[in-house]
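Report on the following structure.
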């Protein structure tokens, strides 16, 4: 019985690896050129990756997901127009 369960798990893992390899998506993604006030971040939690004009203080807890992309650089805040601006430019 243990042998069958182990074989099933290995087969499932093999199928998942093959599917991931055939998606054409590079992982992890290569760093991209970011807009002014942004910086490329790797494997950051989405809830703590950047501050916003609406929420200028860091949250108490961060998620453990792993995201890649352009996020507001230190001392910049994401505004309603999705731009990273200095604090004095926040409404």
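Cβ atoms are placed via backbone N, Cα and C, with glycine included.
Keep in mind it's a predicted model, so treat the numbers as computed, not measured.
Features as listed in Swiss-Prot:
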- 34-70: disulfide bond (DISULFID)
- 43-66: disulfide bond (DISULFID)
- 48-62: disulfide bond (DISULFID)
- 53-90: disulfide bond (DISULFID)
- 72-84: disulfide bond (DISULFID)
- 34-90: domain 'TIL' (DOMAIN)
- 1-20: signal peptide (SIGNAL)
*Whose Cβ, among the disulfide-bonded residues 84, 90, has more other Cβ atoms within 10 Å than any of the rest?*
84
_Candidate with sparsest Cβ neighbourhood (10 Å radius) among 43, 48, 62, 72, the listed disulfide-bonded residues_ = 43
*For residue 43 (disulfide bond), the one of 34, 53, 70, 72, 84 that lies nearest, given that the disulfide-bonded residues are compared by Cα*: 70
*So for residue 53 (disulfide bond), how many other CB atoms are inside 10 Å of its CB?*
17
*Which residue counts does DSSP yield for the domain 'TIL' (34-90) in the helix, strand and coil classes, in that order?*
3 helix, 20 strand, 34 coil
